[in-house]
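Written below as structure tokens is the structure these notes are about.
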Amino acid sequence: MRKFFANMTIRSSLLWVLAFFSFMLVIGAALGVLSLRISNTTLAEIKQSQELNDALGRVVSSYKDSLNGLGRAASANYADIVRSVGQPTVLTQGLSSEAAGLLERAKASQNKGQAEFDYFKTLPKPAEAADSLKEVEESYGALVQQGLLPLTAALEKADMPAYQTQVQKVQDALEGRFARAVEGFDFWRASKMLDAFEVAQVRYQFVLMAVGAGGVIAALLVFATYVFLRRRVLQPLKDAGHHFDRIAGGDLTARVEVRNTNEIGQLFAALKRMQESLTRTVSSVRRGVDEINTGSHEIAAGNTDLSSRTEQQAASLEETAASMEELASTVKQNADNARQANQLAASASDVAERGGSAVAEVVNTMQGISASSRKISEIVSVIDGIAFQTNILAL
């Protein structure tokens, strides 16, 4: 394992470090996304419960408005009866105009409450609150069907004894059941909010611990990376710089050690090859200098010998110069003799030219004699022929 890390390339080391940091980043992002997802789910549940609570609040508010409207209508009707008769009696006549108007407003509140209740029933409901919400719906339905509508019907008929009996029934039984159902839902909602808060606190502490642990791990990784780079990169590069400085100063004796096969090891291997090559080059140059020194001594000895020979040659040249002077005088005498000979030759040439003319004349004379001889020969031949012919004739 130690050898593996020693021979690990710098590129691989940096890639491993980047991969680990990327992994930590992905883990942190995943934790963040998971936390946001849980928070979003919790907020969605809180929003859902809040929508249910708001809708139920509007239903309760409309019910109270309707019930209060019915009460004001009944009070107005009682007041009209008291003013007209002087004492309350069992009523047989219809509602007064004021009571009828208040009753209509109460019925409008009932209609609004029913619309709010219908909307409440359409809202999505969490499974854990299904029982309490079902009880809310059933208790409110019973409250309306068995309490509110009969109250309204009794008041419309101006049946005040029936109205009073129904009021007691509504307050004692039906409203109590509905109130307990609403309290159950409120308790569930409060518990849900508390649970969400506690879960959020736990999640917050977990995220803090995860971030802290990630920070500690990142710090340790940074420190380990620094130590690794300092031992595997920075210090070897500093050592390589020292080697370069010694080589630049002319020191080629320092030993270059190749410890691994990564980029730094390749750098030291190249540095070692360069040092060995420079050592061979310097040795070759030194041998060449020694040879040049030896040759210089030989050249100096040769120059000394050449100097002595040059002195001898100078003496010989002096003797040669003396001989040349004698030769020059001899040549001068020869030149004088040559001029005299030339003059004699010129005289001989004149004589020869005159002799040549005489010879030419002799030649011409001889040519004339030769021509005459040929003619004489021809004449003799003719005479011989005539003589021969004469002899023949004589025969």
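Each position is counted from 1, following the chain as shown.
For all residues, glycine too, the Cβ spot is worked out from N, Cα and C.
Quick look at what TrEMBL annotates:
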type: TRANSMEM; residues: 206-229; note: transmembrane segment
type: DOMAIN; residues: 231-283; note: domain 'HAMP'
type: DOMAIN; residues: 288-395; note: domain 'Methyl-accepting transducer'
type: COILED; residues: 307-341; note: coiled coil
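Only residues 6 or more beyond the boundaries of the transmembrane segment (206-229), in the same chain, are considered here, and those with a CB under 8 A from a CB of the stretch are 13, 17, 20-21, 24, 27-28, 31-32, 35. Averaged across the domain 'Methyl-accepting transducer' (288-395), pLDDT for the predicted model comes to 71.
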